[in-house]
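Student: Okay, here's the structure, questions in a sec.
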Amino acid sequence: MALSKSLSLIFLQLLCVLCVLNLSNGKGLDVNFYEKTCPFLEFIVKDVTAKFISRTPSLAPPLLRMHFHDCFVRGCDGSVLLNSTSKNQAEKAAIPNQFLIGYQVIDAVKSAVEKICPGVVSCADIVALVARDAITLIKGPSWQVELGRRDGTVSIASEALNKLPSPFMNITQLKASFQSVGLSVKDLAVLSGGHTIGISHCIGVNPRLFNFTGKGDTDPSLDPKYLAKLRRQCKPGDVTTILPMDSSPKKFDIDYYTTVSNRRGLFQSDAALLDDTETKTYIQQHLSHAGSMRFFDDFGVSMVNMGRIGVLTGKNGEIRKQCAFVN
């Protein structure tokens, strides 16, 4: 009898340890989180997102970027969606977020979800689902989105400025930035591949063209012909001219890695991937179409990893009624 009780106690202790490990690894998220409380959630999100993407496919890149910018500041808690108030400048006001667009998609999805499942689904989860669906709808990769995030109530512009990876970072800074939120060097190489779609502006590249080290010089890592082309397109102080991220900015493919390997990465942070053995090797493995499917698979895995950053679950945070305002 004593032995039986001891074994039962050991089993219960082991079970508790496994439960704790499961929560710490998955942070309480589950792809079936809303299975009972909002069973048609993913259908609703995809339906509304598809209506926007079918009319304006160019919304897909910024919606992906929105998820990225949300997760790197205070974790994936929807803080990037909050409006500034008279007493606080929110993340939206930070320079890295001033070019973010697509908030109307999130609001439309939230409104549709609230009609069916009021007070159940967080804005943070909607951002994660919309990012996935937007990319899938332009024939990019797909992945299972873990759910169960709750919304944060704090959003501070200075935190976004300090914590978001900058286009001016070198490889050491990039690796430190990703490591600070629990992402690996491989995640850095993979998620940088998201630059295969979309556009940027001259403001993100001008220092490389006109004043790289503060002496009126140019970035020697840039391909000379590409450098000359960029200098024709961008003028000092230009903040509005649009530039493609790679040679096929409307198509989610592996051309980004070819672009970077040819020393034509638009940002300093793109070029920096050639300065590390692991990231450079990843790029070289994706210079042919044979690496395309592997990249799609890797991208899904890294997006799931990113979606776990600093999430609020359980009784932490709240479920916002409107994504731009705390309750």
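Cβ from N, Cα, C; glycine included.
Curation does not apply to TrEMBL; its annotations are automatic.
Keep in mind the model is a prediction, meaning the values are calculated, not measured.
Feature table excerpt (TrEMBL):
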DISULFID  C38-C117  disulfide bond
SITE      R65  site 'Transition state stabilizer'
ACT_SITE  H69  active site, proton acceptor
BINDING   D70, V73, G75, D77, S79, E91  Ca(2+) 1 binding site
DISULFID  C71-C76  disulfide bond
DISULFID  C123-C323  disulfide bond
BINDING   P165  substrate binding site
DISULFID  C202-C234  disulfide bond
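Locate each feature and note its surroundings.
Tutor: Applying an 8 A CB threshold to same-chain residues 6+ apart, the list for C38 (disulfide bond) reads V113, I116, C117, V120, V121.
Taking the Cβ of R65 (site 'Transition state stabilizer') as centre and 10 Å as the limit, one finds 22 other Cβ atoms among all the protein chains shown.
Counting every protein chain shown, 23 other Cβ atoms lie within 10 Å of the Cβ of H69 (active site, proton acceptor).
In sequence order, H67, D70, A124, V127, A128, R149, M306, G307, R308, I309, G310, V311 constitute the residues six or more apart from C76 (disulfide bond) in its chain with CB-CB distances below 8 Å.
There are 22 other CB atoms within 10 A of the CB of C323 (disulfide bond), with all protein chains counted.
Other C-beta atoms found within 10 angstroms of the C-beta of P165 (substrate binding site) number 22, with every protein chain shown included.
Long-range Cβ neighbours of C234 (disulfide bond) (same chain, at least 6 residues apart, Cβ-Cβ under 8 Å): C202, V205, N206, L209, T241, L243.
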Student: If you measure C-alpha to C-alpha, which of R65, H69, V73, D77, S79, P165 (recorded positions) come within 10 angstroms of C123 (disulfide bond)?
Tutor: D77, S79
Student: Sorry to bug you, but what's the C-alpha spacing from P165 (substrate binding site) to H69 (active site, proton acceptor), rounded to the closest Å?
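Tutor: Cα of H69 (active site, proton acceptor) to Cα of P165 (substrate binding site) measures 9 Å after rounding.
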Student: About how far apart, in whole Å, are the alpha carbons (Cα) of C71 (disulfide bond) and R65 (site 'Transition state stabilizer')?
Tutor: 10
Student: Could you check which of the recorded positions R65, D77, S79 is the closest Cα neighbour of P165 (substrate binding site)?
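Tutor: Nearest by Cα distance to P165 (substrate binding site): R65.
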